[in-house]
Amino acid sequence: MKLFNTLTRQKEEFKPLVPGQVSMYVCGPTVYNYIHIGNARSAIAFDTIRRYFEYKGYKVNYVSNFTDVDDKMINEAGAEGTTVPELAERYIQAFLEDTRALNIEEATLHPRATHEIPAIIDFIQTLIDKGYAYEADGDVYYRAKKFADYGHLSDQNIDQLEEGASQHVNDEEQGRKEDPIDFALWKGQKAADEIAWDSPWGKGRPGWHIECSVMSTKYLGDTLDIHGGGQDLEFPHHENEIAQSEAKTGKKFVNYWLHNGFVTVGKDEEKMSKSLHNFVTVYDILKNVDPQVLRFFMASVQYRSQINYSEENLEQAANILGRFKNTLEGINYRLADATEGLPDPDLAKLVTETTAKFEAAMDDDFNVQNALTAIYEALPAVNSNANAEKADKESLRLFAKKLAAWLSVFGLDVDKLLAKEAGDDDAVIEELVAQRTEARKNKDWAKSDELRDQLKEMGVVLKDTPQGTRWSRE
């Protein structure tokens, strides 16, 4: 299996620290609002990656944090007239509800920054003791230039970074920082009513970057197999995590850095973000869109690529999902009949070849498009066999099992996909289908067509097969 490592800008063979196990940390949300689909994209991308590791037999220790104290949270809590903890609790629960709806597996652990304050203080003190950090008027800053590899992950040199930093430092910070490029590890309390904790440097709260260094190393060890997040976190967040963690431990922090692409909107494909006010929340989308369709839409694009959110692209995803559903229904319908099966060597070979193609694609940095193409190209032959006079039932049964496993990697629940919503008119539909079957048996084509038209007006789609007529709702 090969992964594209952002640190080296190339694909590398995946070699876990512990054979058969994967340690994986993914930056979670800052919980001051409902998540939008840009946030969901990251959660779905890394859930798909996790699921494929599990498909391959790995045990995955998946840690994803909640940033539950932050400038944005303080501002939002003030605007709403509530407290930061109350705001955090509300949106953590909303996040969990949204991710459950999208069939995102629960993390092994969801640490919260505010629950790790003692560990954060100890981590910062170690950096001070080693000369990598310094206190200034109640704040603590990291000496970025002291870390020799600073800028490596984002492929920037110190001069470039310093020039950019000097343009964003306010006068107050300038007076405290030794260098514009230095970043905050601890922020002193600015107002008496601002959320804060006691520390050796006075009351205050942690900086964003130190939170993830502490939580990832505390729960996964000094060196991680994989660290993931959005491409917008590459710098400064992940760059700073490396500087902090490796300065403290003296060890390589992460072996494989994975970054997912953005969700864009509109004809200009503008990045979706809260700051640009062009976002749509998962909560609002799911009022009108099937969760499985949204999940499949997000999971069906390779994680490093951008996704353009549009009604047309959602509809296309729904159509592809419908093809998979029809194939599974056709197989199940055929397996349920009493006809004797007939082995088909070509179909058996196709199942084996499709499995190999699917896994080869996913082993190539999780190339989901090629994996889906392999499945999609197998459907005509599978459908043809399912409708044949004598089907290869064993191969069909195996393909259905494989397809369920493949779709599960994409986060789809086959049982839910195949579940029919019971309607008050089901019995009426069954009776009309039976009457049409009898009319066809008697070659009363006019009556058959009349019944088909009547069923169509009821929103019922018919499919005639050698084994009988199947129906579904539009």
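If you go along the chain as it appears here, the first residue is 1 and each next one adds 1.
Cβ from N, Cα, C; glycine included.
Neighbour density for Glu241 (Zn(2+) binding site): within 10 A of its CB lie 28 other CB atoms from the protein chains shown. The Zn(2+) binding site feature in Swiss-Prot is assigned to Cys27, Cys212, His237, Glu241.
Beyond the motif ''HIGH' region' (29-39), the same-chain residues lying 6 or more positions past its ends with a Cβ under 8 Å from any Cβ of the stretch are 66-68, 70, 72-73, 76-77, 87-88, 91-92, 94-95, 98, 230, 262-263, 271-274, 279-285, 294, 298, 309. What Swiss-Prot records for 29-39 is motif ''HIGH' region'.
Predicted-model confidence for the motif ''KMSKS' region' (271-275) is 69, expressed as mean pLDDT. According to Swiss-Prot, the feature motif ''KMSKS' region' maps to 271-275.
Taken from Swiss-Prot, the feature ATP binding site covers Lys274, and the record attributes it to sequence analysis.
Note on Cys27 (Zn(2+) binding site): other Cβ atoms within 10 Å of its Cβ, all shown chains, come to 23. Fewest Cβ neighbours within 10 Å among the binding-site residues Cys212, His237: this applies to His237. Note on the motif ''HIGH' region' (29-39): DSSP counts are 3 helix, 2 strand, 6 coil.
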